[in-house]
Amino acid sequence: MRECISIHVGQAGAQMGNACWELYCLEHGIQPDGQMPSDKTIGGGDDSFNTFFCETGAGKHVPRAVFVDLEPTVIDEIRTGVYRQLFHPEQLITGKEDAANNYARGHYTIGKEIVDIVLDRIRKLADNCAGLQGFLIFHSFGGGTGSGFTSLLMERLSVDYGKKSKLEFAIYPAPQVATAVVEPYNSILTTHTTLEHSDCAFMVDNEAIYDICRRNLDIERPTYTNLNRLIGQIVSSITASLRFDGALNVDLTEFQTNLVPYPRIHFPLVTYAPVISAEKAYHEQLSVSEITNACFEPANQMVKCDPRHGKYMACCLLYRGDVVPKDVNAAIATIKTKRSIQFVDWCPTGFKVGINYQPPTAVPGGDLAKVSRAVCMLSNTTAIAEAWARLDHKFDLMYAKRAFVHWYVGEGMEEGEFTEAREDLAALEKDYEEVGVDSADAEGEEEGEEY
């Protein structure tokens, strides 16, 4: 069995977790108390969901997940919410005091008090697995717990489970909608610390998701619940291949093999289609080629950047629902003829396809229409460097004046860590730039230097 353990850190992580587990339960027919009505199990023979749930002797299905936050309010909502019986009480771990949007508190002072409890709980979950495949880590870049504690935990996981994959789902601070002034600091510190510990990181930009909710779902003022449900669908699409049997199955390590050309270039851009409200879906024919084309529209991306300015290094299309390979091949052939989509010259093929016959599930009372097919595209493009450039610029503006730095130093950090992290991100931007240069151009430049 190839089990995955989900770790939800901080408020953003926990709220994404709520949306994801709600959706998983609906998809697998598991009730909020963890029971699975027996009509599903008889002769179904499909037990792939065991990658995400473990079954107790009493027939209860418990998520292989841990929720951690340094302050209790958000996780208390889970303890009293609809799904309170689903989780083992020890899987919901809370501290007493907040990380206060401060990376240093999450990583050094307060985080280190709780990290051993968390690792102990993860160890118990891991011992329960026959063949642990890896970890999915949900967090935000901007918060203190999401940035500081996540990076601490990732370092420790690398020590304890060296060879296991670690995939991140990270909320990137939105250009317009910021929840904290110090988000650029936290983001850059956490990216620097986790860069070598994470195998693949799917970034989600709140603003991009706001816009999708406004534009495609006609929600005037999207709430976090709207955002998280949409993120839930995306995470579900990415993990569907681990939880259902499909025609072309994709597992965690397979993503990395196909999406990550160099260890540091591991930030794929996620696009999901169709995001459509029930009123509209009624009147639209969403064919395979239409939803495939929609994936190449910048408007459907989860991070604001323009792939038309960058080059694709790899591209993974994960279809679910009523999809046959013939349609997919036709759709991809059409895409390849378009000139706006450029691949780097050292990666000519570039499309990997996964097909899963389980159609997407709509959450009752949710915003997304029930559709018969959907696609999630993971693409590694050099354009995502724009996102880093934006963040670095904001960091520079504040750091030039050393604004807010004393809060971090007061918690035991040194200013040198800021400079080191910033240099690492400058190197990351440079890496992206170099990857996008055509090999022919690069050779020309080198020759030019000799004379």
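Each residue, glycine too, has its Cβ placed from N, Cα and C.
These come from Swiss-Prot:
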- E254: active site (ACT_SITE)
- Q11, E71, S140, G144, T145, T179, N206, N228: GTP binding site (BINDING)
- E71: Mg(2+) binding site (BINDING)
- K40: N6-acetyllysine (MOD_RES)
- Y451: site 'Involved in polymerization' (SITE)
Fewest other C-beta atoms within 10 angstroms, as judged across S140, T179, N206, N228, which are the binding-site residues: T179
Per DSSP, three-state class assigned to E71 (GTP binding site): coil
Spatial neighbours, same chain, of T145 (GTP binding site) - Cβ under 8 Å, 6+ residues apart: V9, G10, Q11, V68, D69, L70, E71, D98, A99, G106, G111, H139
CB contacts for E71 (GTP binding site) [other CB atoms within 10 A, all chains]: 19
Sparsest-packed among the recorded positions, when each Cβ's other Cβ atoms within 10 Å are tallied, from Q11, G144, E254: E254
Inter-residue Cα distance where the pair is the residue listed as 'active site' and S140 (GTP binding site), in Å: 25
Whole-number Å value for how far E254 (active site) lies from N228 (GTP binding site) (Cα to Cα): 26
Inter-residue Cα distance where the pair is the residue listed as 'active site' and T179 (GTP binding site), in Å: 35
Coarse DSSP state, helix versus strand versus coil, of S140 (GTP binding site): strand
Three-state secondary structure, which DSSP defines for Q11 (GTP binding site): helix
